[in-house]
Amino acid sequence: MELVNGSWFQPPTLLLTGISGLEAVQIWISIPLCVMYLTALLGNCIILFVIKTTSSLHVPQYIFLSMLATTDVGLSLSTLPTVLRVFLLNRREIEFHSCLTQMFFIHTFSSMESAILLAMAFDRFVAIRNPLRYTVILTSPRIIGMGIAAVFRGVMLMVPLPILLKKLSFCKDVVLSHCYCYHPDVMKLACGPIRINIIYGLSLVLCSFGVDSVLIVISYILILKTVLGIASEDGQFKALNTCVSHIFTVCIFYVPLIVLALIHRFGTFTSPVLHVTMANLFLFLTPVLNPLVYSLKTKQIRSVIHKVFKGRGNLLLSRVA
């Protein structure tokens, strides 16, 4: 790093980290990573295609699902360049401003996903609590408004992150803990006071992920209360069955996020392997599993996908014949 007039300034490049001690086999690790990226991108694009081309799926539940698939595609594309470059090409360097840009998009798409999961919880709450007014409450303008609000909140909350980091001086090692740029990770490399960054980062987590998770829990408490009031066990099962996919998605999104945040808060007590594992789970778990869960669990999507591939197969066989 360069010392100018007795002060340390921003580094021209930062170094990303793959898996410490396994650098020799990282090219082999890149194979399953490529498979996971392909699964995430292809799976979510199939979900978007099915919902867009099937008029019967143009209802609030599946519109929210298409929003979720879009954020998963955005999150995957945000991390794809650096992750594959580190593991496939063993190129660890990333320009400082490129790092800040990637960090902004990762955090923005994560915030958007959290907001959409909250909207999906509200959708299930209305569907179970007040099914007769479902279409009256969740109108197209309101759904569009929720989507715009998720994007606006994500962008507005995350814009200060790179701005605050650009004001810092860096005099420590420029080696990051992950194969992508993550705000707490970059912030730790700075020298001098980072109190404002810490306070804003904590406020951001509480105001977005914290509030969303609390409201999701409250929604499901009210849903459970309503379900327990249903007389028949069959009716209770059907009502809860509509929530299974969303509950699973909430768990696979928030659990790695919370653990990763705790690791960065109490990082001195954790192993590097745990750092890498939770960082990669945060990256891949939700984008990879969401389309698989909704494709397998949702009968309407599963039947449409089956019809599409069956029709394509019959067409191919007819051409060959």
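Just so you know, glycine gets a Cβ as well, placed from its N, Cα and C.
What you are looking at is a predicted structure, and each value in this text was computed from that prediction instead of being measured.
Annotated transmembrane segment per TrEMBL: 27-50 (among others), in sequence order. Cβ atoms under 8 Å from those of the transmembrane segment (27-50) belong to residues 18-19, 57, 65-66, 69-70, 72-73, 76-77, 80, 83-84, 87-88, 90, 284, 287-288, 290-292, 294-295, 301, 304-305, 308 of the same chain, restricted to positions at least 6 beyond its ends.
Among the features that TrEMBL reports, domain 'G-protein coupled receptors family 1 profile' is placed at 43-294. Model confidence over the domain 'G-protein coupled receptors family 1 profile' (43-294) is summarised by a mean pLDDT of 87.
Summarising the annotation, TrEMBL assigns transmembrane segment to 62-84 (among others).
The transmembrane segment annotation in TrEMBL covers 104-122 (among others). Tertiary neighbourhood of the transmembrane segment (104-122): same-chain residues 61, 64-65, 67-68, 71-72, 74-75, 78-79, 146-147, 149-151, 153-155, 157-159, 161-162, 180-183, 208-209, 212-213, 215-216, 219-220, 246, 249-250, 253, 257, 286, selected by CB-CB distance under 8 Å and a gap of 6+ residues from either end.
According to TrEMBL, the transmembrane segment annotation covers 143-165 (among others).
Marked as transmembrane segment by TrEMBL: 198-223 (among others). Sequence-distant contacts of the transmembrane segment (198-223), counting only residues of its own chain at least 6 positions beyond either end whose CB sits under 8 Å from a CB of the stretch, comprise 110-111, 114-115, 117-118, 121-122, 124-125, 128-129, 153-154, 157-158, 160-161, 164, 183-184, 187, 239, 243, 247, 250, 254, 257, 261.
The transmembrane segment feature in TrEMBL is assigned to 244-267 (among others). Outside the transmembrane segment (244-267), and at least 6 residues removed from its termini, the chain residues within Cβ reach (under 8 Å) are 68, 110, 113-114, 117, 120-121, 124, 177, 182, 184-185, 188, 205, 209, 213, 216, 220, 274-275, 278-279, 281-282, 285-286, 289-290, 293-294, 297-298.
Under the heading transmembrane segment, TrEMBL lists 273-293 (among others).
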Which residues of the chain, 6 or more past the ends of the transmembrane segment (62-84), have a CB below 8 A from one of its CBs? 16, 30, 33-34, 37, 40-41, 44-45, 47-48, 51-52, 94, 102, 105-106, 109-110, 112-113, 116-117, 119-120, 123, 143, 146-147, 150, 179-181, 249, 283, 286-287, 290-291, 294, 300-301
